[in-house]
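Engineer: Mind looking over this structure? Questions follow.
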Amino acid sequence: MDAYNNPSAVESGDAAVKSVDDDGREKRTGTFWTASAHIITAVIGSGVLSLAWAIAQLGWVAGTTVLVAFAIITYYTSTLLADCYRSPDSITGTRNYNYMGVVRSYLGGKKVQLCGVAQYVNLVGVTIGYTITASISLVAIGKSNCYHDKGHKAKCSVSNYPYMAAFGIVQIILSQLPNFHKLSFLSIIAAVMSFSYASIGIGLAIATVASGKIGKTELTGTVIGVDVTASEKVWKLFQAIGDIAFSYAFTTILIEIQDTLRSSPPENKVMKRASLVGVSTTTVFYILCGCIGYAAFGNQAPGDFLTDFGFYEPYWLIDFANACIALHLIGAYQVYAQPFFQFVEENCNKKWPQSNFINKEYSSKVPLLGKCRVNLFRLVWRTCYVVLTTFVAMIFPFFNAILGLLGAFAFWPLTVYFPVAMHIAQAKVKKYSRRWLALNLLVLVCLIVSALAAVGSIIGLINSVKSYKPFKNLD
């Protein structure tokens with residue numbers, strides 16, 4: 001009996017059509033809210049608590065100016081990139097599933113390989129950095145309890161390696177989530193955690209200011225000859241500008257986030273709104289944490305006023321804030337790892353399409369979770385990746401200094417150059433027109449910022465290597 005005479009067959013056919021998008025892939029269900037959660041999870045990292053240090057290097061005027069300037073730059077370039085998700089038309093064109101795909105559609109050539117190297121090296125570096133940062137936050141909980149029991153002058157030495165291993169085990173489990181589309185719940189939890197610890201940090205800083213026990217501040221930040229030497233002032237100023245610029249960057253995963261959105265309303269419009277909310281929310285927290293933290297600690301602001309013990313009491317609240325940091329980084333790790341997982345798996349699928357080990361999906365029932373899909377290659381490869389990144393984090397606990405350098409190299413091409421170049425190609429901006437000149441001036445200024453930040457990061461890395469002692473407990 002044909003479908004014409006079989007209503008149930010027609011209905012099942014309609015259901016099959018409705019369950020897929022215009023590109024034949026599983027129907028996307030992402031919304032403005034899930035995209036906003038992904039962005040906030042990616043952007044508001046524990047680095048928000050180090051912004052008081054950055055403001056201390058720059059001072060009140062330059063510090064707040066740089067914060068606002070890079071918020072505007074990041075939002076603007078993210079809107080340009082959002083319009084490139086589909087090509088050639090931003091609403092009806094063909095979908096591009098990742099950043100490399102977008103660059104391939106608009107620019108092509110060697111720029112595709114440059115994009116891939118910058119993006120995926122940065123993503124891998126971030127996951128290693130998050131492993132280290134999460135362990136530092138968990139160590140801080142143990143040290144906070146020690147200081148509470150034995151006094152603030154007590155020697156409280158705690159190893160961060162067991163915490164790194166525990167973080168790695170959690171990531172092995174979460175890494176079995178098949179793709180970015182399944183991360184919404186994790187990003188929402190992580191976003192709530194980021195609001196929690198940032199709010200606690202702001203509250204503690206306000207309490208310190210209200211108590212009158214505040215540090216000395218200056219319009220121009222740290223004072224040469226008092227707080228720092230002339231050379232230290234220069235290097236730390238470069239590093240602070242870089243830290244602020246990189247703290248806004250989420251374009252490395254913007255296309256992957258946009259690829260989770262349902263097609264109506266148009267993805268680019270939803271992504272622009274989500275970017276505005278994400279960047280605006282981030283900027284408010286950054287200014288509050290940076291400026292109030294600087295007001296509280298002055299030119300002696302610590303690198304992180306929770307894990308570096310800018311505060312000791314109430315210890316239970318500081319413990320809770322550090323636990324929130326660790327929980328946030330659990331989700332953030334996946335937000336940055338999933339695009340790299342998919343990149344490797346898609347390339348393996350293309351290279352060995354007949355391999356059951358790589359391509360076959362098995363259905364399995366897991367207690368409390370229900371029916372889950374298991375792929376042997378995904379299980380083995382992602383487990384190996386997490387084990388490797390955890391091992392690197394253990395060997396190089398100063399990797400965050402390396403991460404600053406990676407951020408310097410990735411910020412300019414991924415956040416500024418490629419979005420601007422693709423916008424010029426898409427909108428056919430006339431060469432040497434006012435708009436073309438303004439866009440290229442923006443590219444040049446951000447290139448200089450990245451270069452200066454890279455120099456500052458290299459100096460910091462050299463100092464870290466000099467004092468490096470492998471497998472040493474954190475004092």
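We count from 1, first residue shown onward.
Cβ atoms are placed via backbone N, Cα and C, with glycine included.
Quick paste of what Swiss-Prot says about this protein:
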- 1-31: topological domain 'Cytoplasmic' (TOPO_DOM)
- 1-22: region 'Disordered' (REGION)
- 32-52: transmembrane segment (TRANSMEM)
- 53-73: transmembrane segment (TRANSMEM)
- 74-120: topological domain 'Cytoplasmic' (TOPO_DOM)
- 121-141: transmembrane segment (TRANSMEM)
- 142-157: topological domain 'Extracellular' (TOPO_DOM)
- 158-178: transmembrane segment (TRANSMEM)
- 179-185: topological domain 'Cytoplasmic' (TOPO_DOM)
- 186-206: transmembrane segment (TRANSMEM)
- 207-236: topological domain 'Extracellular' (TOPO_DOM)
- 237-257: transmembrane segment (TRANSMEM)
- 258-276: topological domain 'Cytoplasmic' (TOPO_DOM)
- 277-297: transmembrane segment (TRANSMEM)
- 298-314: topological domain 'Extracellular' (TOPO_DOM)
- 315-335: transmembrane segment (TRANSMEM)
- 336-378: topological domain 'Cytoplasmic' (TOPO_DOM)
- 379-398: transmembrane segment (TRANSMEM)
- 402-424: transmembrane segment (TRANSMEM)
- 425-441: topological domain 'Cytoplasmic' (TOPO_DOM)
- 442-462: transmembrane segment (TRANSMEM)
- 463-475: topological domain 'Extracellular' (TOPO_DOM)
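Locate each feature and note its surroundings.
Structural biologist: Outside the transmembrane segment (53-73), and at least 6 residues removed from its termini, the chain residues within Cβ reach (under 8 Å) are 217-222, 233, 236-237, 239-241, 243-245, 248, 279-280, 282-283, 286-287, 290-291, 293-294, 297-304, 415-416, 442, 446.
For the transmembrane segment (121-141), same-chain residues at least 6 beyond its ends with a Cβ under 8 Å from one of its own Cβ atoms are 45-46, 158-161, 163-164, 166-168, 171, 252-253, 306-307, 309, 318-319, 322-323, 325-326, 329-330, 332-333, 336-337, 339-340, 389-390, 392-393, 396-397, 399-400, 402-403, 406-407, 409-410, 414, 474.
Counted with DSSP, the topological domain 'Cytoplasmic' (179-185) comes out as 5 helix, 0 strand, 2 coil.
With a cut-off of 8 Å between Cβ atoms, the residues of this chain six or more beyond the transmembrane segment (186-206) that come close are 34, 36-38, 40-41, 44-46, 48-49, 52, 174, 177, 285, 288-289, 292-293, 295-297, 305-306, 310-311, 317-318, 320-322, 324-325, 327-332, 334-335.
Here the topological domain 'Extracellular' (207-236) returns a mean pLDDT of 86 for the predicted model.
Counting only same-chain residues 6+ beyond the ends of the transmembrane segment (237-257), those with a CB under 8 A from a CB of the stretch are 30, 35, 38-39, 42-43, 45, 47-48, 50-51, 53-55, 57-58, 63, 66-67, 70-71, 73-74, 77-78, 81-82, 85, 96-99, 101-102, 119, 122-123, 180, 221, 271, 274-275, 278-279, 282, 286, 335-336, 338-339, 342, 404, 407-408, 410-411, 414-415, 419, 446, 449-450, 452-457, 459-460.
Outside the topological domain 'Cytoplasmic' (258-276), and at least 6 residues removed from its termini, the chain residues within Cβ reach (under 8 Å) are 21-22, 27-32, 34-36, 38-39, 75, 78-79, 82-83, 85-86, 90-91, 95, 97-98, 180-181, 184.
According to DSSP, the topological domain 'Extracellular' (298-314) comprises 3 helix, 0 strand, 14 coil.
Outside the transmembrane segment (315-335) by six or more residues, the chain places 38, 41-42, 45-46, 127, 130-131, 133-134, 137-138, 140-141, 144-145, 147-148, 167, 170-171, 174-175, 177, 180, 183, 186-187, 189-190, 193-194, 196-197, 200-201, 204, 253, 306-307 with a CB less than 8 A from a CB of the stretch.
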Engineer: May I ask whether the transmembrane segment (379-398) has at least three C-beta pairs under 8 Å with the transmembrane segment (32-52), counting pairs 6 or more apart in sequence?
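Structural biologist: Touching, no - the transmembrane segment (32-52) and the transmembrane segment (379-398) miss the threshold of 3 or more Cβ pairs under 8 Å.
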